[in-house]
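Q: From TrEMBL, for reference:
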TRANSMEM  B:20-43  transmembrane segment
TRANSMEM  B:55-74  transmembrane segment
TRANSMEM  B:94-118  transmembrane segment
TRANSMEM  B:130-153  transmembrane segment
TRANSMEM  B:186-210  transmembrane segment
TRANSMEM  B:222-240  transmembrane segment
TRANSMEM  B:392-415  transmembrane segment
TRANSMEM  B:427-449  transmembrane segment
TRANSMEM  B:469-493  transmembrane segment
Amino acid sequence: MIIITTLKKVFQFYLEGFQNMRLGKRLWAIIGIKFVIFFIIMKILFFPNFLKENFSTDEERAEHILQSLTTQGDK
Amino acid sequence: MEDTLLTDWSRAQFALTALYHWLFVPLTLGLSFIIAIMETIYVKTGNLIWKEITKFWMTLFAINFAIGLATGIIMEFEFGTNWSNYSWIVGDIFGAPLAIEGIMAFFMESTFFAIMFFGWDKVSKKMHLLSTWLVAIGSNLSALWILVANGWMQHPIGMEFNLDSARFEMVSFFDVLFNPNAYSKFLHTVGSGYVMGSLFVVGISAWYLLKNKDVIKAKKSMVVGATFGLITSIFLIFTGDESAHQVALNQPTKLAAMEGLYDGHERAGIVAIGQLNHHKEIGDDQEEFIWSIEIPHALSILGFHDMNAFVPGINDLVYGDTDHHNIESASQKMEKGKIAIAALKAYKKAKKEGDMLGAEKALLDFRTNEKYFGYGYLKDPKDIIPPVALTFYSFHIMVGLGTWFLILFFFILYFTMIGKLEKKKMLLRAAVLSIPLGYLAGELGWIVAEVGRQPWTIFEMLPVGMATSQISTTAVQTTFWLFAIVFTGLLIAEIRIMTTQIKNGMEGH
């Protein structure tokens, strides 16, 4: 019961805080747009994790790096 | 095969995002403490004018924080895509500090930020003040973990290279955490943020005084800003000294480039101001400078805390000086590096063939030459030297600006104390113009740190060319321009919102 009351108070605190914002609303809009650009457009379209995309296990990834470290050293 | 164009574009992209990110961070670091000090004065005195002052600067802090939020995450995207060799190799070392930073930032931001902005009339004065201080401390601690990671790249210790997993593995968390390079870097970096925060407060307050607007609040802000600025500028001198000492001990090539020092000597002086001879090449006998003013002995003192210490120059580090100063040449190091790489290859082959004896011998060869590992990838001994002109000028302009800020804070405080500040229009204008100079100094500091450690991503262990992924250069070029557009947009948004808010004045906060 105490936990629920506390959670309600915390929720109310955040809710009132957001509702009373003036400049903050514009800032949150910027944060929202930025997150969409960063995490959805850029991350998904342009920034795949190279090793996770191209290799399925850590052993394969380690092998790829070792290959890269040893073959380039020959040149 | 190493693709120089890809490496250069990957570096350019990382530099672009890091430089933009650093436009937002220092103000967060410095202004958070200044706000906490202002609120402390409010709580101590009960004077409502300090509450309004605190709220005004808190609004500007919020704008900067909101616009800068998550700009650093882009660098983590780049690690995974453009720098996958590097991120794999350092994953074990970086995992812990970056995870702690992430968790700390999340909890701090969701809890104490909320109280700081929403809690003015909802929690007690003391609880609110505590939250403001915790935001300041938390922001700075967050920077600590990032700089522990960066400090390790500058001076890798507390780790061992695992030949099976191709990773540096942490053997001592405390060595990584208490890496002297990381601490001097952390203190100097946050110190520069404090000075930036002070310049911001002093500059904007000066603008109000010039416009004869919100004069009392501007003067009060000015006193806090200039006092904090003066103290932290002095702090910056000491942390800068320690940073230079660490560079001298662990990154002699960087120190030589910072000072344009080609031939090392005992009782080396510092060039206070000078113009490099751009025709000068490594190993030739041309003069290093067209003109210069030198402070005798200062480099030996700064670098080694010993007036008689020998400071190696670029030629000593490239060609070696085993007769007098026990400095190995870059060629010797490259040979040992190649032995380490061959040992790694032999180890891999022996393991595949089940030849345990061969693997053990190869491992021993590798460990003997491990500290030269990165040198094995270099093509030319001269490659160990970072771009001299960029490092030299960045360092000297940064130091010059730092000195100017100290003088500025001193005179602002002096004229405030004798009650003549409003009449000193030139000084007030200089304070306004010093805001962009503060940003410039911070960026130059990073250029010294990062360009100065070239050609390495991990000092002496992994050159930049070996750290990149095998991806298309066009993809990196595309995202470079994409970032340039997005970040410029964010910067314009910050400046516009910030200037509108400043023009609205300090009333009503």
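One is the number of the first residue shown, and numbering goes on along the chain from there.
Every residue, even glycine, has its Cβ placed from backbone N, Cα and C.
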Q: Taking residues 6+ outside the transmembrane segment (B:427-449), which of them lie with a CB under 8 Å of any CB in it?
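A: Counting only partners 6 or more residues beyond its ends, the transmembrane segment (B:427-449) has Cβ contacts under 8 Å with 18-19, 22-23, 26, 150, 154, 185, 188-189, 192-193, 195-196, 199-200, 202-207, 209-210, 254, 258, 390-391, 394-395, 397-398, 401-402, 404-405, 408, 411-412, 415, 421.
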Q: May I ask whether the transmembrane segment (B:392-415) has at least three C-beta pairs under 8 Å with the transmembrane segment (B:55-74), counting pairs 6 or more apart in sequence?
A: no
Q: In the same chain, which residue numbers or ranges, 6 or more beyond the ends of the transmembrane segment (B:130-153), come under 8 angstroms Cβ to Cβ?
A: 25, 28-29, 32-33, 35-36, 39-40, 54, 72, 90, 93-94, 97-98, 100-101, 104-105, 108, 111-113, 115-116, 119, 123, 159, 176-177, 179, 181-183, 185-186, 189-190, 193, 449, 453, 456-459
Q: Does the structure show the transmembrane segment (B:20-43) and the transmembrane segment (B:469-493) touching, where I'm treating 3 or more Cβ pairs under 8 angstroms (sequence separation 6 or more) as a contact?
A: yes
Q: Please report, as numbers and ranges, the same-chain residues at least 6 past the borders of the transmembrane segment (B:392-415) whose CB is under 8 Å from any CB of it.
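A: Hits for the transmembrane segment (B:392-415): 195, 198-199, 202, 206, 222-223, 226-227, 229-230, 233-234, 236-237, 240, 257-260, 271, 273-274, 276, 421, 424, 427, 430-431, 434, 437-438, 440-441, 444-445, 447-448, 451-452.
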Q: Same chain only, please: residues at least 6 beyond the ends of the transmembrane segment (B:186-210) with a C-beta under 8 Å from a C-beta of the stretch. Say none if there are none.
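A: Non-local partners: 25-34, 57, 60, 140, 143-144, 147-148, 151, 217-219, 221-222, 224-226, 228-229, 232-233, 235-236, 239-240, 242-243, 402, 405, 408-409, 412, 421-422, 425, 427-429, 431-435, 437-439, 441-442, 445, 502, 505-506.
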Q: Which sequence-distant residues neighbour the transmembrane segment (B:94-118)? Criterion: at least 6 residues beyond either end, Cβ under 8 Å.
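A: Non-local partners: 58, 62, 65, 76, 87, 127-128, 131-132, 134-135, 138-139, 141-142, 145-146, 148-149, 152, 170, 173, 176-177.
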